[in-house]
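*Asks:* Can you read through this structure? Questions will come right after.
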Amino acid sequence: MYKTVLKNSGRIQRNFIFRNVSSTLQRSLATSASTSSSTTTSNAETGELHVSTPLDSPSVHPPDGSSISLKSATRDASLFGTRPIYLDVQATTPVDPRVLDKMLEFYTGLYGNPHSSTHAYGWETDKEVEKARGYIADVINADPKEIIFTSGATETNNMAIKGVPRFYKKTKKHIITTQTEHKCVLDSARHMQDEGFDITYLPVNSEGLINLDDLKKAIRKDTVLVSVMAVNNEIGVIQPLKEIGQICRENKIFFHTDAAQAYGKIPIDVNEMNIDLLSISSHKIYGPKGIGACYVRRRPRVRLDPIITGGGQERGLRSGTLAPPLVAGFGEAARLMKQESAFDKKHIEKLSTKLKNGLLSIPSTQFNGCNNPTYQYPGCVNVSFAYIEGESLLMALKDIALSSGSACTSASLEPSYVLHALGADDALAHSSIRFGIGRFTTEAEVDYVIQAINERVDFLRKMSPLWEMVQGGIDLNSIEWSGH
(Lines of atoms letter the chains of each structure in order from A and count residues from 1; the text may use other names and numbers.)
(Lines give C-alpha, C1' and ligand atoms only; values in the text may rest on other atoms or scores of the structure.)
Protein backbone atom coordinates (compact mmCIF):
# COMPACT_ATOMS: atom_id res chain seq x y z
CA MET A 1 0.00 0.00 0.00
CA TYR A 2 1.11 3.57 -0.49
CA LYS A 3 -0.43 6.81 0.70
CA THR A 4 -0.90 10.10 -1.09
CA VAL A 5 -1.55 13.49 0.48
CA LEU A 6 -3.24 16.04 -1.78
CA LYS A 7 -3.44 19.45 -0.13
CA ASN A 8 -6.50 21.58 -0.96
CA SER A 9 -4.56 24.79 -1.52
CA GLY A 10 -4.71 27.34 -4.30
CA ARG A 11 -1.26 26.36 -5.56
CA ILE A 12 0.75 23.30 -6.57
CA GLN A 13 4.42 23.55 -5.68
CA ARG A 14 7.02 21.47 -7.50
CA ASN A 15 10.56 21.37 -6.17
CA PHE A 16 11.67 23.57 -9.02
CA ILE A 17 8.86 25.99 -9.88
CA PHE A 18 5.76 27.58 -8.31
CA ARG A 19 2.57 27.39 -10.32
CA ASN A 20 -0.77 29.17 -10.01
CA VAL A 21 -3.57 26.65 -10.16
CA SER A 22 -7.24 27.46 -10.64
CA SER A 23 -10.00 25.93 -8.57
CA THR A 24 -10.88 23.87 -11.66
CA LEU A 25 -7.66 21.91 -11.27
CA GLN A 26 -8.26 21.36 -7.57
CA ARG A 27 -11.68 19.87 -8.27
CA SER A 28 -10.15 17.71 -11.02
CA LEU A 29 -7.55 16.33 -8.62
CA ALA A 30 -10.16 15.51 -6.01
CA THR A 31 -12.40 13.85 -8.60
CA SER A 32 -9.50 11.78 -9.97
CA ALA A 33 -8.63 10.58 -6.49
CA SER A 34 -12.21 9.70 -5.60
CA THR A 35 -12.85 7.68 -8.77
CA SER A 36 -9.67 5.57 -8.62
CA SER A 37 -9.57 2.08 -7.11
CA SER A 38 -8.52 3.45 -3.75
CA THR A 39 -9.62 4.38 -0.28
CA THR A 40 -10.16 8.10 0.27
CA THR A 41 -10.52 9.99 3.53
CA SER A 42 -10.39 13.68 4.34
CA ASN A 43 -9.37 15.82 7.28
CA ALA A 44 -11.55 18.88 7.68
CA GLU A 45 -9.13 20.59 10.07
CA THR A 46 -6.00 20.33 7.90
CA GLY A 47 -7.72 20.41 4.50
CA GLU A 48 -5.85 17.29 3.38
CA LEU A 49 -7.15 14.49 1.18
CA HIS A 50 -5.62 11.07 1.92
CA VAL A 51 -5.71 8.41 -0.79
CA SER A 52 -4.52 4.84 -0.30
CA THR A 53 -4.05 2.67 -3.40
CA PRO A 54 -2.78 -0.92 -3.66
CA LEU A 55 0.16 -1.81 -5.87
CA ASP A 56 -0.03 -5.10 -7.74
CA SER A 57 2.79 -7.58 -7.14
CA PRO A 58 2.49 -10.15 -9.95
CA SER A 59 3.77 -13.67 -9.42
CA VAL A 60 4.35 -16.37 -12.01
CA HIS A 61 5.18 -20.06 -11.89
CA PRO A 62 7.70 -21.36 -14.45
CA PRO A 63 7.42 -24.96 -15.76
CA ASP A 64 9.80 -26.26 -13.07
CA GLY A 65 7.27 -25.36 -10.38
CA SER A 66 9.33 -22.59 -8.78
CA SER A 67 7.91 -19.14 -8.16
CA ILE A 68 9.17 -15.79 -9.39
CA SER A 69 7.76 -12.74 -7.61
CA LEU A 70 8.07 -9.13 -8.69
CA LYS A 71 8.90 -6.87 -5.77
CA SER A 72 7.53 -3.40 -6.41
CA ALA A 73 9.86 -0.45 -6.04
CA THR A 74 8.99 1.80 -3.11
CA ARG A 75 6.96 4.75 -4.35
CA ASP A 76 6.79 7.95 -2.32
CA ALA A 77 3.19 8.78 -3.12
CA SER A 78 3.34 12.14 -1.36
CA LEU A 79 5.37 13.20 -4.39
CA PHE A 80 3.69 11.25 -7.17
CA GLY A 81 -0.03 11.15 -6.43
CA THR A 82 -2.32 8.24 -7.25
CA ARG A 83 -1.88 8.25 -11.04
CA PRO A 84 1.07 6.71 -12.92
CA ILE A 85 4.26 8.70 -13.26
CA TYR A 86 4.10 10.47 -16.62
CA LEU A 87 7.12 9.97 -18.91
CA ASP A 88 5.43 10.19 -22.31
CA VAL A 89 5.84 13.88 -23.16
CA GLN A 90 6.64 13.10 -26.81
CA ALA A 91 3.01 11.92 -27.14
CA THR A 92 1.62 14.98 -25.36
CA THR A 93 2.45 17.32 -22.51
CA PRO A 94 0.28 18.35 -19.55
CA VAL A 95 -1.23 21.80 -19.90
CA ASP A 96 0.74 24.33 -17.88
CA PRO A 97 -1.64 25.79 -15.23
CA ARG A 98 -0.76 29.30 -16.38
CA VAL A 99 -1.89 28.36 -19.88
CA LEU A 100 -5.23 27.13 -18.54
CA ASP A 101 -5.70 30.34 -16.56
CA LYS A 102 -5.13 32.33 -19.75
CA MET A 103 -7.68 30.24 -21.66
CA LEU A 104 -10.50 30.47 -19.12
CA GLU A 105 -11.29 34.13 -19.78
CA PHE A 106 -12.04 33.28 -23.42
CA TYR A 107 -14.82 30.91 -22.35
CA THR A 108 -16.57 33.64 -20.37
CA GLY A 109 -15.90 37.30 -21.19
CA LEU A 110 -13.86 37.29 -24.40
CA TYR A 111 -16.17 35.05 -26.44
CA GLY A 112 -16.38 37.15 -29.60
CA ASN A 113 -15.64 35.78 -33.06
CA PRO A 114 -12.21 37.18 -33.99
CA HIS A 115 -13.35 37.47 -37.62
CA SER A 116 -16.31 39.73 -36.71
CA SER A 117 -15.01 43.18 -37.65
CA THR A 118 -18.14 45.23 -37.00
CA HIS A 119 -18.21 45.35 -33.19
CA ALA A 120 -16.09 45.42 -30.04
CA TYR A 121 -16.54 41.73 -29.21
CA GLY A 122 -14.76 40.77 -32.41
CA TRP A 123 -12.13 43.50 -32.09
CA GLU A 124 -11.06 42.59 -28.58
CA THR A 125 -10.82 38.88 -29.39
CA ASP A 126 -8.93 39.56 -32.61
CA LYS A 127 -6.45 41.70 -30.66
CA GLU A 128 -5.71 38.76 -28.34
CA VAL A 129 -5.40 36.36 -31.28
CA GLU A 130 -2.80 38.60 -32.90
CA LYS A 131 -0.94 38.91 -29.61
CA ALA A 132 -0.75 35.11 -29.42
CA ARG A 133 0.38 34.96 -33.05
CA GLY A 134 3.23 37.29 -32.14
CA TYR A 135 4.35 35.12 -29.21
CA ILE A 136 4.40 32.03 -31.44
CA ALA A 137 6.38 33.79 -34.18
CA ASP A 138 8.87 35.21 -31.69
CA VAL A 139 10.12 31.74 -30.68
CA ILE A 140 11.45 31.06 -34.20
CA ASN A 141 12.31 34.67 -35.19
CA ALA A 142 9.46 34.86 -37.68
CA ASP A 143 7.08 37.65 -38.67
CA PRO A 144 3.66 37.21 -36.99
CA LYS A 145 2.05 37.43 -40.44
CA GLU A 146 3.90 34.24 -41.37
CA ILE A 147 2.07 32.17 -38.73
CA ILE A 148 -1.00 30.31 -40.04
CA PHE A 149 -3.16 28.62 -37.41
CA THR A 150 -4.23 25.01 -38.02
CA SER A 151 -5.69 22.16 -35.96
CA GLY A 152 -2.25 20.71 -35.24
CA ALA A 153 0.98 19.37 -36.71
CA THR A 154 -0.72 16.62 -38.73
CA GLU A 155 -2.82 19.14 -40.64
CA THR A 156 0.19 21.42 -41.02
CA ASN A 157 2.33 18.63 -42.45
CA ASN A 158 -0.45 17.75 -44.89
CA MET A 159 -0.69 21.42 -45.86
CA ALA A 160 3.02 21.63 -46.64
CA ILE A 161 3.57 18.24 -48.29
CA LYS A 162 0.46 18.51 -50.47
CA GLY A 163 -0.02 22.26 -50.85
CA VAL A 164 3.37 23.33 -52.20
CA PRO A 165 3.81 20.55 -54.82
CA ARG A 166 0.25 21.00 -56.07
CA PHE A 167 0.82 24.72 -56.68
CA TYR A 168 3.99 24.09 -58.71
CA LYS A 169 2.93 20.78 -60.29
CA LYS A 170 3.18 22.01 -63.90
CA THR A 171 6.97 22.33 -63.66
CA LYS A 172 8.00 20.56 -60.43
CA LYS A 173 7.19 16.86 -59.82
CA HIS A 174 9.77 15.65 -57.28
CA ILE A 175 9.71 15.60 -53.44
CA ILE A 176 12.51 14.55 -51.06
CA THR A 177 11.93 13.35 -47.50
CA THR A 178 13.45 10.77 -45.13
CA GLN A 179 12.66 7.23 -44.04
CA THR A 180 12.20 8.27 -40.39
CA GLU A 181 9.56 10.98 -40.76
CA HIS A 182 6.31 11.01 -38.82
CA LYS A 183 3.57 8.86 -40.33
CA CYS A 184 1.56 11.88 -41.47
CA VAL A 185 4.50 13.07 -43.59
CA LEU A 186 5.14 9.62 -45.07
CA ASP A 187 1.45 9.06 -45.81
CA SER A 188 1.14 12.53 -47.38
CA ALA A 189 4.16 11.77 -49.56
CA ARG A 190 2.60 8.48 -50.68
CA HIS A 191 -0.60 10.38 -51.45
CA MET A 192 1.36 12.76 -53.67
CA GLN A 193 2.97 9.77 -55.37
CA ASP A 194 -0.52 8.63 -56.32
CA GLU A 195 -1.00 12.07 -57.91
CA GLY A 196 2.03 11.53 -60.14
CA PHE A 197 4.89 12.96 -58.09
CA ASP A 198 8.21 11.18 -57.63
CA ILE A 199 9.27 10.69 -54.00
CA THR A 200 12.82 10.11 -52.77
CA TYR A 201 13.18 8.72 -49.23
CA LEU A 202 16.63 9.49 -47.84
CA PRO A 203 18.16 6.79 -45.60
CA VAL A 204 19.69 7.55 -42.20
CA ASN A 205 22.80 6.17 -40.52
CA SER A 206 22.87 4.03 -37.37
CA GLU A 207 22.41 7.17 -35.25
CA GLY A 208 19.43 8.46 -37.21
CA LEU A 209 21.13 11.27 -39.15
CA ILE A 210 20.82 11.83 -42.88
CA ASN A 211 23.91 12.15 -45.07
CA LEU A 212 24.05 15.62 -46.62
CA ASP A 213 25.79 14.21 -49.69
CA ASP A 214 22.81 11.88 -50.18
CA LEU A 215 20.55 14.93 -50.13
CA LYS A 216 22.67 16.76 -52.71
CA LYS A 217 22.71 13.72 -55.01
CA ALA A 218 18.93 13.29 -54.73
CA ILE A 219 18.16 16.83 -55.92
CA ARG A 220 16.79 17.12 -59.46
CA LYS A 221 15.87 20.04 -61.68
CA ASP A 222 12.20 19.38 -60.93
CA THR A 223 12.59 18.99 -57.14
CA VAL A 224 10.02 21.25 -55.50
CA LEU A 225 10.22 20.40 -51.80
CA VAL A 226 12.52 18.87 -49.19
CA SER A 227 10.85 17.81 -45.92
CA VAL A 228 13.06 16.73 -43.01
CA MET A 229 11.91 16.38 -39.40
CA ALA A 230 13.74 18.66 -36.94
CA VAL A 231 13.64 16.32 -33.91
CA ASN A 232 12.53 12.73 -34.34
CA ASN A 233 9.51 11.84 -32.22
CA GLU A 234 10.75 8.31 -31.39
CA ILE A 235 14.49 8.69 -30.86
CA GLY A 236 15.03 12.44 -30.37
CA VAL A 237 17.67 12.83 -33.10
CA ILE A 238 18.18 16.43 -34.28
CA GLN A 239 18.83 16.81 -38.00
CA PRO A 240 21.32 19.48 -39.26
CA LEU A 241 18.64 22.01 -40.21
CA LYS A 242 20.98 24.89 -41.06
CA GLU A 243 23.02 22.79 -43.50
CA ILE A 244 19.87 21.34 -45.10
CA GLY A 245 18.38 24.82 -45.44
CA GLN A 246 21.53 26.13 -47.10
CA ILE A 247 21.51 23.30 -49.65
CA CYS A 248 17.83 23.93 -50.44
CA ARG A 249 18.30 27.69 -50.79
CA GLU A 250 21.27 27.25 -53.15
CA ASN A 251 19.14 24.99 -55.35
CA LYS A 252 15.98 27.15 -55.09
CA ILE A 253 14.01 24.36 -53.43
CA PHE A 254 11.48 24.89 -50.65
CA PHE A 255 12.49 23.46 -47.27
CA HIS A 256 9.85 22.20 -44.84
CA THR A 257 10.54 20.81 -41.38
CA ASP A 258 8.20 19.07 -38.97
CA ALA A 259 9.18 20.85 -35.74
CA ALA A 260 6.43 19.46 -33.50
CA GLN A 261 9.06 17.93 -31.18
CA ALA A 262 11.57 20.76 -31.62
CA TYR A 263 9.68 24.03 -31.33
CA GLY A 264 10.69 25.88 -28.16
CA LYS A 265 12.99 23.02 -27.11
CA ILE A 266 15.98 23.59 -29.37
CA PRO A 267 17.09 26.91 -30.92
CA ILE A 268 15.38 27.49 -34.28
CA ASP A 269 15.78 30.62 -36.40
CA VAL A 270 13.83 30.28 -39.63
CA ASN A 271 15.85 33.02 -41.32
CA GLU A 272 19.27 31.78 -40.29
CA MET A 273 18.31 28.19 -41.19
CA ASN A 274 16.57 29.12 -44.48
CA ILE A 275 13.39 27.28 -43.44
CA ASP A 276 10.41 28.01 -45.71
CA LEU A 277 7.68 26.03 -43.94
CA LEU A 278 7.60 24.74 -40.36
CA SER A 279 5.03 22.67 -38.46
CA ILE A 280 4.16 23.45 -34.83
CA SER A 281 1.89 21.67 -32.33
CA SER A 282 0.53 23.34 -29.20
CA HIS A 283 0.07 20.21 -27.10
CA LYS A 284 3.78 19.37 -27.36
CA ILE A 285 4.69 22.59 -25.49
CA TYR A 286 2.30 22.41 -22.51
CA GLY A 287 -0.53 24.03 -24.45
CA PRO A 288 -4.03 22.82 -25.39
CA LYS A 289 -4.74 20.06 -27.90
CA GLY A 290 -6.51 20.80 -31.16
CA ILE A 291 -4.43 23.79 -32.23
CA GLY A 292 -1.19 24.14 -34.17
CA ALA A 293 0.44 26.39 -36.72
CA CYS A 294 2.28 26.45 -40.00
CA TYR A 295 5.07 28.95 -40.52
CA VAL A 296 4.92 30.01 -44.19
CA ARG A 297 7.70 32.28 -45.41
CA ARG A 298 6.64 35.54 -47.09
CA ARG A 299 10.02 36.67 -48.51
CA PRO A 300 10.96 34.88 -50.70
CA ARG A 301 7.31 34.00 -50.94
CA VAL A 302 6.10 30.42 -50.60
CA ARG A 303 2.97 29.61 -52.61
CA LEU A 304 0.73 26.65 -51.83
CA ASP A 305 -2.75 25.37 -52.55
CA PRO A 306 -4.88 25.31 -49.38
CA ILE A 307 -6.28 21.94 -48.34
CA ILE A 308 -9.19 23.58 -46.45
CA THR A 309 -11.14 26.26 -48.31
CA GLY A 310 -14.08 28.44 -47.34
CA GLY A 311 -14.17 31.87 -45.73
CA GLY A 312 -10.60 32.75 -46.62
CA GLN A 313 -9.29 33.13 -43.08
CA GLU A 314 -5.55 32.91 -42.32
CA ARG A 315 -4.45 34.67 -45.53
CA GLY A 316 -6.66 32.30 -47.51
CA LEU A 317 -4.41 29.37 -46.63
CA ARG A 318 -6.62 27.79 -43.97
CA SER A 319 -10.29 28.68 -43.86
CA GLY A 320 -12.46 28.27 -40.78
CA THR A 321 -13.30 30.22 -37.63
CA LEU A 322 -10.45 30.24 -35.15
CA ALA A 323 -10.96 28.98 -31.59
CA PRO A 324 -9.78 31.94 -29.45
CA PRO A 325 -9.37 29.92 -26.21
CA LEU A 326 -7.06 27.48 -27.99
CA VAL A 327 -5.16 30.23 -29.78
CA ALA A 328 -4.69 32.17 -26.54
CA GLY A 329 -3.51 29.04 -24.73
CA PHE A 330 -1.14 28.23 -27.59
CA GLY A 331 0.27 31.75 -27.49
CA GLU A 332 0.77 31.66 -23.73
CA ALA A 333 2.48 28.27 -23.98
CA ALA A 334 4.84 29.67 -26.62
CA ARG A 335 5.58 32.72 -24.48
CA LEU A 336 6.42 30.48 -21.52
CA MET A 337 8.60 28.20 -23.66
CA LYS A 338 10.78 31.17 -24.58
CA GLN A 339 10.70 32.67 -21.10
CA GLU A 340 11.73 29.44 -19.37
CA SER A 341 13.87 27.88 -22.10
CA ALA A 342 17.12 28.18 -20.14
CA PHE A 343 15.61 26.60 -17.03
CA ASP A 344 13.82 23.85 -18.97
CA LYS A 345 17.02 22.99 -20.85
CA LYS A 346 19.10 22.69 -17.66
CA HIS A 347 16.39 20.73 -15.84
CA ILE A 348 15.76 18.27 -18.68
CA GLU A 349 19.46 17.70 -19.39
CA LYS A 350 20.13 16.89 -15.74
CA LEU A 351 17.30 14.36 -15.46
CA SER A 352 18.03 12.88 -18.89
CA THR A 353 21.65 12.17 -17.98
CA LYS A 354 20.57 10.50 -14.76
CA LEU A 355 17.88 8.41 -16.45
CA LYS A 356 20.08 7.37 -19.37
CA ASN A 357 22.97 6.33 -17.12
CA GLY A 358 20.61 4.40 -14.84
CA LEU A 359 18.97 2.51 -17.70
CA LEU A 360 22.18 1.70 -19.56
CA SER A 361 23.68 0.25 -16.38
CA ILE A 362 21.27 -2.68 -16.90
CA PRO A 363 23.02 -5.51 -18.81
CA SER A 364 22.21 -5.97 -22.51
CA THR A 365 20.62 -2.57 -23.08
CA GLN A 366 21.13 -0.27 -26.05
CA PHE A 367 20.53 3.46 -26.49
CA ASN A 368 18.75 4.29 -29.72
CA GLY A 369 19.74 7.70 -31.00
CA CYS A 370 22.79 9.87 -31.54
CA ASN A 371 25.63 9.85 -29.03
CA ASN A 372 26.72 13.34 -30.09
CA PRO A 373 24.73 15.74 -27.84
CA THR A 374 24.69 18.33 -30.63
CA TYR A 375 22.32 16.07 -32.57
CA GLN A 376 20.33 14.54 -29.71
CA TYR A 377 17.44 16.14 -27.82
CA PRO A 378 17.91 15.04 -24.18
CA GLY A 379 14.21 14.95 -23.34
CA CYS A 380 13.73 11.83 -25.49
CA VAL A 381 15.51 8.68 -24.29
CA ASN A 382 14.87 5.53 -26.34
CA VAL A 383 16.36 2.31 -24.98
CA SER A 384 16.12 -1.32 -26.13
CA PHE A 385 16.13 -4.06 -23.47
CA ALA A 386 17.35 -7.24 -25.13
CA TYR A 387 15.62 -10.62 -24.57
CA ILE A 388 12.26 -9.14 -23.53
CA GLU A 389 9.32 -7.67 -25.43
CA GLY A 390 8.73 -3.95 -25.07
CA GLU A 391 4.99 -4.56 -24.78
CA SER A 392 5.56 -7.01 -21.91
CA LEU A 393 7.68 -4.45 -20.09
CA LEU A 394 5.02 -1.77 -20.57
CA MET A 395 2.40 -4.11 -19.07
CA ALA A 396 4.67 -4.71 -16.08
CA LEU A 397 5.02 -0.95 -15.58
CA LYS A 398 1.42 -0.01 -14.85
CA ASP A 399 2.59 2.72 -12.47
CA ILE A 400 4.64 4.49 -15.16
CA ALA A 401 3.15 6.00 -18.33
CA LEU A 402 5.50 5.16 -21.21
CA SER A 403 5.26 4.08 -24.84
CA SER A 404 7.12 1.84 -27.24
CA GLY A 405 7.17 4.44 -30.00
CA SER A 406 5.02 7.09 -31.65
CA ALA A 407 1.61 7.60 -30.04
CA CYS A 408 0.09 7.61 -33.53
CA THR A 409 1.30 4.03 -34.16
CA SER A 410 1.54 2.65 -30.62
CA ALA A 411 -1.44 0.33 -31.20
CA SER A 412 0.47 -1.50 -33.93
CA LEU A 413 2.32 -4.71 -33.10
CA GLU A 414 4.81 -4.09 -35.90
CA PRO A 415 8.36 -3.18 -34.82
CA SER A 416 9.32 0.49 -35.10
CA TYR A 417 10.04 1.51 -38.70
CA VAL A 418 12.27 4.26 -37.30
CA LEU A 419 14.53 1.76 -35.52
CA HIS A 420 14.51 -0.46 -38.61
CA ALA A 421 15.81 2.52 -40.60
CA LEU A 422 18.69 2.77 -38.10
CA GLY A 423 19.57 -0.86 -38.82
CA ALA A 424 18.12 -2.41 -35.66
CA ASP A 425 16.90 -6.00 -36.00
CA ASP A 426 13.34 -7.04 -35.15
CA ALA A 427 14.27 -8.21 -31.66
CA LEU A 428 15.82 -4.90 -30.60
CA ALA A 429 13.10 -2.89 -32.34
CA HIS A 430 10.43 -4.88 -30.48
CA SER A 431 12.19 -4.37 -27.14
CA SER A 432 12.47 -0.58 -27.29
CA ILE A 433 10.85 1.81 -24.83
CA ARG A 434 10.66 5.60 -25.19
CA PHE A 435 11.09 7.72 -22.07
CA GLY A 436 10.06 11.38 -22.21
CA ILE A 437 11.27 14.02 -19.75
CA GLY A 438 9.62 17.42 -19.52
CA ARG A 439 9.18 20.58 -17.49
CA PHE A 440 7.19 18.90 -14.73
CA THR A 441 9.25 15.71 -14.38
CA THR A 442 10.96 15.48 -10.98
CA GLU A 443 14.23 13.88 -9.93
CA ALA A 444 12.38 11.68 -7.43
CA GLU A 445 10.24 10.32 -10.28
CA VAL A 446 13.34 9.50 -12.32
CA ASP A 447 14.89 7.71 -9.33
CA TYR A 448 11.76 5.59 -8.96
CA VAL A 449 11.62 4.79 -12.69
CA ILE A 450 15.24 3.59 -12.73
CA GLN A 451 14.60 1.31 -9.75
CA ALA A 452 11.33 -0.01 -11.19
CA ILE A 453 12.81 -0.69 -14.63
CA ASN A 454 15.75 -2.58 -13.11
CA GLU A 455 13.42 -4.80 -11.06
CA ARG A 456 10.95 -5.54 -13.82
CA VAL A 457 13.49 -6.16 -16.56
CA ASP A 458 15.14 -8.67 -14.23
CA PHE A 459 11.72 -10.21 -13.50
CA LEU A 460 10.85 -10.64 -17.19
CA ARG A 461 14.26 -11.96 -18.16
CA LYS A 462 14.00 -14.72 -15.58
CA MET A 463 11.10 -16.05 -17.67
CA SER A 464 12.99 -15.73 -20.98
CA PRO A 465 14.55 -18.93 -22.42
CA LEU A 466 16.81 -16.77 -24.59
CA TRP A 467 18.14 -14.90 -21.55
CA GLU A 468 18.77 -18.22 -19.81
CA MET A 469 20.74 -19.45 -22.82
CA VAL A 470 22.82 -16.27 -22.96
CA GLN A 471 23.54 -16.51 -19.24
CA GLY A 472 24.68 -20.07 -19.87
CA GLY A 473 27.27 -18.83 -22.35
CA ILE A 474 25.44 -19.84 -25.53
CA ASP A 475 25.99 -17.62 -28.58
CA LEU A 476 22.50 -17.19 -30.06
CA ASN A 477 23.95 -16.13 -33.42
CA SER A 478 25.65 -19.52 -33.77
CA ILE A 479 22.37 -21.44 -33.49
CA GLU A 480 20.64 -22.61 -36.66
CA TRP A 481 16.99 -21.92 -35.86
CA SER A 482 14.39 -23.96 -37.71
CA GLY A 483 10.71 -23.26 -38.16
CA HIS A 484 7.95 -25.86 -38.00
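Every residue, even glycine, has its Cβ placed from backbone N, Cα and C.
Quick caveat, the model's predicted, so the values are computed rather than measured.
So Swiss-Prot says this about it:
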- 29-42: compositional bias 'Low complexity' (COMPBIAS)
- 29-69: region 'Disordered' (REGION)
- Ala153, Thr154, Asn233, Gln261, Ser281, Ser282, His283, Thr321: pyridoxal 5'-phosphate binding site (BINDING)
- Lys284: N6-(pyridoxal phosphate)lysine (MOD_RES)
- Cys408: [2Fe-2S] cluster binding site (BINDING)
- Cys408: active site, cysteine persulfide intermediate (ACT_SITE)
*Asks:* Distance between Thr154 (pyridoxal 5'-phosphate binding site) and the residue listed as 'N6-(pyridoxal phosphate)lysine' at the Cα atoms, whole Å?
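*Replies:* Rounded to a whole number, the Cα-Cα distance is 13 Å.
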*Asks:* In Å, rounded, how far does the Cα of Ala153 (pyridoxal 5'-phosphate binding site) sit from the Cα of Lys284 (N6-(pyridoxal phosphate)lysine)?
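*Replies:* Cα-Cα, rounded: 10 Å.
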*Asks:* In the structure shown, which of the recorded positions His283, Lys284 has the fewest Cβ neighbours within 10 Å?
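*Replies:* Among the recorded positions His283, Lys284, the lowest count of other Cβ atoms within 10 Å belongs to His283.
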*Asks:* I'd like the number of other C-beta atoms within 10 A of the C-beta of Thr321 (pyridoxal 5'-phosphate binding site), please.
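*Replies:* Here the count is 12.
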*Asks:* Using all protein chains in view, find how many other C-beta atoms are within 10 Å of the C-beta of Ala153 (pyridoxal 5'-phosphate binding site).
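*Replies:* Excluding its own Cβ, Ala153 (pyridoxal 5'-phosphate binding site) sees 26 Cβ atoms within 10 Å.
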*Asks:* Could you tell me the maximum Cα-Cα distance in Å between the residues recorded as binding pyridoxal 5'-phosphate, namely Ala153, Thr154, Asn233, Gln261, Ser281, Ser282, His283, Thr321, rounded to a whole number?
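*Replies:* Largest pairwise Cα separation, rounded: 30 Å.
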*Asks:* For the binding-site residues Thr154, Asn233, Gln261, Ser282, which Cβ has the most other Cβ atoms within 10 Å, all shown protein chains included?
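*Replies:* When each Cβ's neighbours within 10 Å are tallied, Ser282 leads.
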